[in-house]
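Database features, via Swiss-Prot:
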ACT_SITE  C74  active site, nucleophile
ACT_SITE  D269  active site
ACT_SITE  H271  active site
MOTIF     379-382  motif 'LIR'
Amino acid sequence: MDAATLTYDTLRFADTPDFPETAEPVWVLGRKYSALTEKEQLLNDITSRLWFTYRRNFQAIGGTGPTSDTGWGCMLRCGQMIFAQALICRHVGRDWRWDKQKPKGEYLNILTAFLDKKDSYYSIHQIAQMGVGEGKYIGQWYGPNTVAQVLRKLAVFDQWSSIAVHIAMDNTVVVDEIRRLCRAGSGESSDAGALSNGYTGDSDPSCAQWKPLVLLIPLRLGLSEINEAYIETLKHCFMVPQSLGVIGGRPNSAHYFIGYVGDELIYLDPHTTQLSVEPSDCSFIEDESFHCQHPPCRMHVSEIDPSIAVGFFCSSQEDFEDWCQHIKKLSLSGGALPMFEVVDQLPLHLSNPDVLNLTPDSSDADRLDRFFDSEDEEFEILSL
């Protein structure tokens with residue numbers, strides 16, 4: 001079995017085509033590159049993204065559960081990737097680049113939070129077990145919304161990062177809700193002290209008035225296939241400076257999309273089974289397997305499943321206001337159909353608490369999460 005997996009993975013890497021030589025601009029998480037003159041910088045950027053794949057031989061989930069997530073954990077791994085990118089932006093900045101000769105500092109703290117251990121904040125163990133509260137048994141396949149909801153709940157325990165996570169439902173981003181969320185608890189210290197992951201965090205004065213924001217927007221862009229009217233808007237999401245990318249893929253096959261070139265989406269593929277990594281006694285982590293060191297995968301944008309979640313990271317209130325302006329300009333430009341709208345206050349037709357309540361601590365949150373998660377079983381809408 002292991003030999004077969006190794007052969008399969010080796011062939012997958014060997015068959016990955018090189019990046020195209022094209023004059024069209026390449027966009028990766030808010031950065032623009034030329035494939036003709038900046039190919040090395042482009043590939044270095046992509047390689048620097050944390051790449052989470054299937055793993056085997058990790059601690060049994062829940063003590064008696066699975067020791068591998070092969071076949072069921074791809075969306076969980078994609079959720080880890082988009083959230084890891086948020087933490088990279090939060091702690092080391094979007095322009096940070098991986099140096100495999102000198103992996104250290106806050107980067108290792110980030111990676112530690114995703115290791116396959118029960119006490120890592122965003123481990124496969126934590127996501128799978130928190131998912132039980134979302135109505136998903138351990139080993140069941142997730143859709144984009146479920147993994148977003150689970151990550152939001154896990155982030156509460158990550159005091160080192162001290163981030164606010166907002167999931168915008170019903171294709172609507174309500175600015176007032178986000179302002180309240182990011183200002184909540186601003187008088188509390190963000191010093192986490194000694195954390196369960198084995199590292200310490202220091203308070204960040206920049207968080208005193210506004211918590212850095214991770215904004216996740218679950219969307220449905222069609223029935224069994226994406227509506228072509230959304231394609232240009234989807235591409236634009238990778239051009240916004242605050243972009244975290246998109247989690248989605250094909251039915252029952254999730255990918256983490258990080259950019260595009262022409263009509264092709266660029267993505268990291270979690271469907272490779274690797275051995276679980278354990279840090280050594282001196283806290284050294286063998287981290288090369290967490291970075292994709294072959295040319296990235298690509299697929300035509302029309303092939304993406306319509307059920308996705310789009311992510312953005314806003315480091316400050318000014319950054320969030322800048323994001324709002326980007327999105328509003330896009331909606332006014334005409335042509336492409338907006339995937340979601342940004343409004344200052346909750347529209348009246350959504351304000352009835354018996355219909356919808358999107359406040360973070362709403363008692364109806366679990367009911368709403370499941371209501372909006374009907375794509376999870378097959379990762380595409382089967383009926384309306």
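Quick reminder: no glycine exception, Cβ is built from N, Cα and C everywhere.
Positions of the features from Swiss-Prot, shown on the structure.
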| residue | record | CB count, 10 Å |
| --- | --- | --- |
| C74 | active site, nucleophile | 25 |
| D269 | active site | 21 |
| H271 | active site | 19 |
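In this model, the motif 'LIR' (379-382) carries an average pLDDT of 35. In the three-state DSSP scheme, D269 (active site) is classed as coil. DSSP assigns the residue listed as 'active site, nucleophile' to a helix. Taking CA atoms as the reference points, H271 (active site) and C74 (active site, nucleophile) are 7 Å apart. D269 (active site) sits 8 Å from the residue listed as 'active site, nucleophile', taking the CA atoms of both as reference points.
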